[in-house]
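Asker: Have a look at this one before I ask anything.
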Amino acid sequence: MANRLQRGDRSRLLLLLCIFLGTLRGFRARQIRYSVPEETEKGSFVGNISKDLGLEPRELAKRGVRIVSRGKTQLFAVNPRSGSLITAGRIDREELCETVSSCFLNMELLVEDTLKIYGVEVEIIDINDNAPSFQEDEVEIKVSEHAIPGARFALPNARDPDVGVNSLQSYQLSPNNYFSLQLRGRTDGAKNPELVLEGSLDREKEAAHLLLLTALDGGDPIRKGAVPIRVVVLDVNDHIPMFTQSVYRVSVPENISSGTRVLMVNATDPDEGINGEVMYSFRNMESKASEIFQLDSQTGEVQVRGSLDFEKYRFYEMEIQGQDGGGLFTTTTMLITVVDVNDNAPEITITSSINSILENSPPGTVIALLNVQDQDSGENGQVSCFIPNHLPFKLEKTYGNYYKLITSRVLDRELVQSYNITLTATDQGSPPLSAETHVWLNVADDNDNPPVFPHSSYSAYIPENNPRGASIFSVTALDPDSKQNALVTYSLTDDTVQGVPLSSYVSINSNTGVLYALQSFDYEQFRDLELRVIARDSGDPPLSSNVSLSLFVLDQNDNAPEILYPALPTDGSTGVELAPRSAEPGYLVTKVVAVDKDSGQNAWLSYRLLKASEPGLFAVGEHTGEVRTARALLDRDALKQSLVVAVQDHGQPPLSATVTLTVAVADSIPEVLADLGSLESLANSETSDLSLYLVVAVAAVSCIFLVFVIVLLALRLWRWHKSRLLQASEGGLAGMPTSHFVGVDGVQAFLQTYSHEVSLIADSQKSHLIFPQPNYGDTLISQESCEKSEPLLIAEDSAIILGKCDPTSNQQAPPNTDWRFSQAQRPGTSGSQNGDDTGTWPNNQFDTEMLQAMILASASEAADGSSTLGGGAGTMGLSARYGPQFTLQHVPDYRQNVYIPGSNATLTNAAGKRDGKAPAGGNGNKKKSGKKEKK
């Protein structure tokens with residue numbers, strides 16, 4: 001059982017040994033060793049770096065291979081052309097390593113592109129460039145003449161900074177009869193020379209002896225140094241001073257303050273007087289120790305006068321001499337050990353770093369390479385390095401005391417744009433010391449964010465009739481990226497509206513996102529537009545986002561109310577509404593119907609009576625437009641009532657339209673016709689003066705034109721007569737070409753072409769000049785033209801029709817109570833209310849409309865000599881052009897209550913033949929047109 005356990009332990013040890021060797025091999029694989037003698041010239045070859053790194057020489061500069069040195073002086077350099085490591089200056093091994101036997105310089109080789117560190121160790125080989133030397137120029141030794149043979153006297157030590165065989169190897173004493181040389185070993189391996197008395201001295205024979213001490217090294221060639229020694233023979237001094245200890249040992253902390261006592265040596269001499277007084281001094285003291293320690297020659301107290309540094313000198317060995325007044329002395333050794341204290345804080349050196357890193361770089365990206373050193377030893381020199389935990393970075397130890405700072409996760413510039421990384425190094429001393437350094441890192445932007453609109457959708461409003469180029473709305477998209485990646489441009493999608501490209505309606509400023517109208521919008525055409533605004537950044541590749549924008553057109557009060565009923569006829573005539581004199585207050589006469597193309601309150605319509613020939617007789621519904629009687633009709637109320645109705649919307653500013661209504665007030669049709677004659681005579685008197693002026697003006701123009709024609713004709717005849725005379729005198733001449741002037745017939749045609757007609761009607765305030773119209777004033781009206789006259793409406797007492805037609809047309813037709821119309825002239829129904837027993841009121845809408853037209857026409861033709869109205873009061877003739885000029889397909893029938901009492905005429909829809917001969921209308925009224933009533 002025990003054997004098995006031993007075998008298992010051996011197997012484990014073997015496995016651990018293999019692992020250790022593998023690790024050691026991997027460690028050493030990155031360690032490069034070279035050697036170079038000291039004092040070589042600058043640029044001397046040290047080693048082939050490119051070969052040891054496995055790179056071509058031209059790759060060294062490309063990959064950023066460089067030496068990382070912690071010292072102030074760069075002793076080596078890399079030759080990029082040859083790929084060699086060369087010396088960069090003077091190398092003195094004694095200055096670098098002093099008395100250390102093996103001198104190694106360590107440096108690191110950094111490959112920038114991979115951030116790999118390679119250790120390079122260069123051994124400085126010593127050469128024999130220093131000869132042994134003594135500190136004293138001359139040494140004096142006092143020896144009593146009673147000194148017995150074998151007495152030893154200390155001699156000064158020589159110093160050689162070289163090491164090894166080149167260091168101090170031996171001493172030689174010049175030949176003499178009294179003294180010899182012996183070497184005594186020291187604890188550090190060095191040897192002190194001593195002078196040994198070989199025979200008795202006689203002061204009386206020779207008071208002093210001169211000797212030469214020579215020190216030799218082992219170099220090739222051998223170097224040596226010498227110091228003269230003068231031995232003075234003294235009178236009798238029986239006792240030699242004796243130190244209490246042969247060796248004094250003391251440990252001193254390196255941070256001991258200056259002036260502190262280290263120890264006190266003491267030597268006693270039993271002699272009396274001056275021979276018993278001991279004086280203390282250092283012997284063979286090195287210069288470095290003499291700068292730090294001092295010895296009180298009277299008391300033997302050793303003090304510190306300089307500063308100790310464990311990192312430079314850890315141990316001092318000094319020899320102290322005690323000499324009495326008679327010249328006898330003795331020596332002792334003082335060993336001072338410097339104790340390390342944690343007086344050096346760690347040092348952090350940034351070997352390589354980058355100041356910017358692209359966001360979204362993968363974790364593990366190297367940010368910096370740093371080296372941590374502590375000059376202390378032991379735990380005081382053990383250093384740990386760390387960074388704050390909340391940062392997205394971490395430290396990894398690579399080679400020796402090197403660390404690399406890497407990212408631990410993906411960085412986001414939009415969250416943090418830069419980092420101030422604090423690197424802290426702390427040793428394990430008591431108390432621990434620490435050092436800090438900072439690495440500034442900027443996060444470079446990557447186009448990883450599209451533009452973002454603050455809202456998911458937008459609504460914009462623009463009033464209609466806007467000016468072109470008007471600013472409608474402004475959208476803004478934010479891109480959290482920076483620089484070009486955050487430069488946003490705006491555009492619209494390629495859509496169509498009612499088959500028209502969207503770009504013809506609106507445009508957007510690509511830089512500001514302001515939306516502009518390219519044309520004036522009309523609310524009545526379309527009321528809204530759906531747009532999609534695209535925001536695109538300038539990154540590579542560009543990122544974009546879009547948002548919907550609803551553009552609503554706001555209605556403006558740009559349409560005045562449009563009156564549908566009563567419609568304005570194209571020939572300028574007006575319709576007539578009928579109101580019976582027996583109508584009660586509130587009787588519905590007609591209704592004004594209007595619409596407004598706008599919407600909302602811009603389309604709310606109000607009706608009001610703007611003007612009336614008889615104020616207070618009629619009223620208009622504010623919201624309905626119904627025209628009703630406001631009071632009972634009186635006999636004194638005029639037959640013809642004119643009303644001006646205004647229709648106004650509620651827009652800002654309000655728009656309005658007006659319509660003129662003519663209302664005939666009568667109880668019977670004969671009464672209506674009788675009153676119309678008197679009305680026309682009044683109108684005739686009002687316009688007689690104006691008509692006279694117009695006739696005079698036309699006559700004057702005609703006379704001037706006639707004179708012009710006569711002159712033109714005379715000139716033409718004169719030229720014609722002259723040409724005939726020329727033809728008679730020159731019979732051989734060829735015929736003249738046809739003249740370009742017209743003859744008499746042409747003049748007649750000219751006159752016919754430029755003739756004019758003055759048409760004066762009773763209700764017109766101006767004359768109508770009709771051009772061009774042939775003048776047939778000099779011809780008779782044919783029977784055919786009479787037969788083509790317009791149909792007449794014959795009442796019970798028909799008048800004789802004036803004209804130039806057949807006399808049979810002047811015969812009066814027998815009385816008939818039936819009104820007869822052609823199908824094209826049949827009036828519509830204006831009401832269904834019957835009159836009295838003597839007549840029948842029209843019972844359909846079209847009859848009533850025709851009746852209204854006839855009443856207005858009769859009033860217009862009263863003053864015309866060729867009027868078809870004449871004879872009795874019960875006779876009336878109307879041209880077919882005075883028929884209804886409006887349609888009521890959009891207007892409900894509000895005229896069913898129209899009633900004219902006292903009429904003895906009966907209207908019928910029958911299209912039967914008229915009793916008696918059909919009357920024929922005169923041709924004189926063919927060119928006359930009824931005019932609208934003036935207020």
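Note: Cβ is positioned from N, Cα and C throughout, glycine not excepted.
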Asker: Of the residues ASN48, ASN904, give the one that Swiss-Prot describes as N-linked glycosylation site.
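Answerer: The candidate carrying the N-linked glycosylation site note in Swiss-Prot is ASN48.
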Asker: Rank the glycosylation sites ASN48, ASN255, ASN266, ASN420, ASN546 by the number of other Cβ atoms within 10 Å of each Cβ, and give the residue at the low end.
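Answerer: Taking ASN48, ASN255, ASN266, ASN420, ASN546 as the glycosylation sites, the minimal 10 Å Cβ count falls on ASN420.
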Asker: Across the topological domain 'Cytoplasmic' (715-935), what does the pLDDT come to on average, as a whole number?
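Answerer: Reported value for the topological domain 'Cytoplasmic' (715-935) is a mean pLDDT of 42.
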Asker: To the nearest Å, how far is the Cα of ASN420 (N-linked glycosylation site) from the Cα of ASN255 (N-linked glycosylation site)?
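Answerer: Rounded to the nearest whole number, the Cα-Cα distance is 35 Å.
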Asker: Could you state the CA-to-CA distance between ASN48 (N-linked glycosylation site) and ASN266 (N-linked glycosylation site) to the nearest Å?
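Answerer: If we compare the Cα positions of ASN48 (N-linked glycosylation site) and ASN266 (N-linked glycosylation site), the gap is 60 Å.
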Asker: Can you give me the Cα-Cα distance between ASN255 (N-linked glycosylation site) and ASN266 (N-linked glycosylation site) in Å, rounded to a whole number?
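Answerer: It is 26 Å, counting Cα to Cα.
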Asker: For ASN266 (N-linked glycosylation site) and ASN546 (N-linked glycosylation site), what Cα-Cα distance in Å is obtained after rounding to a whole number?
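Answerer: Cα-Cα distance, ASN266 (N-linked glycosylation site) to ASN546 (N-linked glycosylation site): 99 Å.
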Asker: Taking helix as H, G and I and strand as E and B in DSSP, count the residues of the domain 'Cadherin 2' (135-243) in helix, strand and coil.
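Answerer: So the counts come to 3 helix, 54 strand, 52 coil.
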